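*Asks:* Starting off with a structure, shown below.
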Amino acid sequence: MLNDKIYLIDGGLSTELMCLGYKPDETKLWTGNSIVERPDLLKQAHLNFLKSGSDIITTASYQLSVDLIEENLKCTNQKAYDIIKQSFRIAKEAVKEANLGSEILIAGSIGPYGACLCDGSEYVGHYAKNLTIDFLIDWHRPRFESLLEEGCDLFAFETIPSIKEARALIKLLSEHPNVKAWLSFSCKNESEISSGDRFRDAYQVFKDNMQLIAIGINCTYPKYIEKLLESVSNDGTVSKPFIIYSNDAKIWDNSIRRYVNSNNEDPMKVVMEAIPKWIKLGAQYIGGCCNINSENIQQIKNFISDNHI
Ligand SMILES: [Zn+2]
């Protein structure tokens with residue numbers, strides 16, 4: 001990007017759907033189930049983010065694979081492809097209905113292979129060790145190409161746990177030179193992405209890729225992010241902008257499978273206070289992941305404009 005504009009992306013789609021009374025966690029397709037079951041609520045969730053100021057919204061395809069759809073909805077192969085495409089169509093309808101008069105982008109969400117194992121593997125990422133790059137490319141291809149056929153030309157490669165899976169995605173992307181994407185990793189501490197690869201190494205590997213608009217971090221505890229970004233900027237200039245959409249500062253408790261506020265602090269305040277530092281370090285795309293809903297996106301929007309960031 002050649003300008004200084006800060007682009008606001010959306011928040012956690014699952015979080016917004018939950019605010020609307022839908023429960024993505026009761027199904028293996030996660031937010032993708034709403035495409036079939038409650039397309040009205042899904043469109044509303046997108047609309048809420050648009051009304052809150054998001055410049056970019058992401059589709060409900062994060063946890064969709066053709067196999068997983070067929071298995072869970074007992075449908076045909078053809079129908080499974082159509083459900084993936086429907087995620088883009090619903091997002092498009094929301095953009096049209098919002099009628100904001102400004103340029104809104106839709107990013108096709110591509111979650112990692114581990115997300116479709118539905119066992120939390122995407123936050124560990126070890127599975128990639130036993131898989132070949134070609135296997136990962138073939139696995140990612142159907143969803144990627146379905147969205148592409150529907151007209152999607154920007155992709156969110158998100159919550160990616162390893163450099164290996166990122167390599168597979170970038171190779172797939174390179175087959176379509178006019179298509180853009182961002183590459184966002186989930187991180188487990190102040191220096192490493194979920195598989196244990198270093199974030200600074202991941203950044204170095206992909207920073208010169210012309211199809212990537214940004215490289216960054218999502219679905220991560222916000223207090224880790226400043227150090228993660230510094231690990232890159234300490235190496236020299238940040239040539240590719242960062243994209244950051246962290247969770248709020250609640251902590252995941254695996255025993256009860258939910259986020260808890262254990263530090264007795266305002267979990268959203270932690271994010272707000274960190275945003276100016278992230279921007280200073282080179283973040284140009286800001287949004288939210290788990291526990292960040294459309295009201296929080298509005299808060300971020302106001303905070304950025306009130307502080308002339
Ligand atoms: Zn998240």
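All positions are counted from 1 along the displayed chain.
Here the Cβ of each residue, glycine as well, is placed from N, Cα and C on the backbone.
Annotations for this protein, taken from TrEMBL, read as follows:
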type	residues	note
DOMAIN	1-304	domain 'Hcy-binding'
BINDING	CYS219, CYS289, CYS290	Zn(2+) binding site
*Asks:* Does anything in the same chain, at least 6 positions from CYS290 (Zn(2+) binding site), have a Cβ under 8 Å from its Cβ, and if so what?
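*Replies:* Listed in sequence order: GLY12, SER14, THR15, CYS219, ASN247, ASP248, TYR259.
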*Asks:* Let me spell it out: for each of the binding-site residues (CYS219, CYS289), count the other Cβ atoms within 10 Å of that residue's Cβ, using every protein chain shown. Which one has the most?
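*Replies:* Selected residue: CYS289.
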*Asks:* Note the Cβ centroid of CYS219, CYS289, CYS290, the recorded Zn(2+) site, then list each other residue of that chain whose Cβ lies within 8 Å of it, in sequence.
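*Replies:* Checked against the 8 Å cutoff, the neighbours are GLY12, THR159, SER186, ASN218, THR220, TYR245, SER246, ASN247, GLY288, ASN291, ILE292.
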*Asks:* In DSSP terms, helix, strand or coil for CYS219 (Zn(2+) binding site)?
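*Replies:* CYS219 (Zn(2+) binding site) sits in coil per DSSP, no helix or strand.
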